[in-house]
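Just below is one structure, and these are the notes that go with it.
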């Protein structure tokens, strides 16, 4: 919310989910990561643009004749932003813990700028909405625990998940909070369920060096346990976990590389927004997060 208010990117919907922060964040945090003490990230410039680039590439290849499943979506606003750009997939699903889902649904019900686009994109029978789920013809929110994939599949199918449609699964800072076995089960489930699919995973990498160890220690001090951090050893370990769990092709790049790929005119614009004096810290942060993506493609998209 703070990064949007300063002008790093446009998101007219985040204001309805997140109150304006009272304190400002340091510039290297807005570009690459969220919290002081090198904590876990939320949507900041490099991440937002990197993930968005892959999502839009998938929508383009499938001509939007696909579905997106956003795993651990939290207060994400992507559905509304895609609708504004006329890029909605056939169906957009969000999954998170029931408590998070209840909060999001409450905000949607009470704020017309959020509920109106859902109604506009809806067709057919009446829209279903209760405290822990929302189901319209183009957008669904499902309360579920990602550690139990059979329960997850059942709930998604109740909301009209179509396993034959090309499917994009997005997980941003989600898998790292699950044990390696739990995230493996989720990745295997997705790879075995959809004949044509892509998964995008955004999370930590290079966590065995001193900088990574300090990040882990700071999080542990806040009782925040990265249960899956052992899979965040390197870009290679990130690729291997995808290939070992049924995906055909996998790639991984760190966020410094992502930053170098972004349109340079826009990078110059955001670098002019705030003075960044700790360039070395910024680069270290960016080298400790990555975007990985993998595909399974029986239709050669």
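Cβ atoms are placed via backbone N, Cα and C, with glycine included.
As annotated by TrEMBL, S-adenosyl-L-methionine binding site applies to 47, 72, 145, 146, 172. Of all Cβ atoms in the shown protein chains, 15 besides its own fall within 10 Å of the Cβ of residue 145 (S-adenosyl-L-methionine binding site).
Of all Cα pairs drawn from 47, 72, 145, 146, 172, which the record names as binding S-adenosyl-L-methionine, the longest spans 24 Å. Of the listed binding-site residues, namely 47, 72, 146, 172, the sparsest Cβ surroundings within 10 Å are found at 72.
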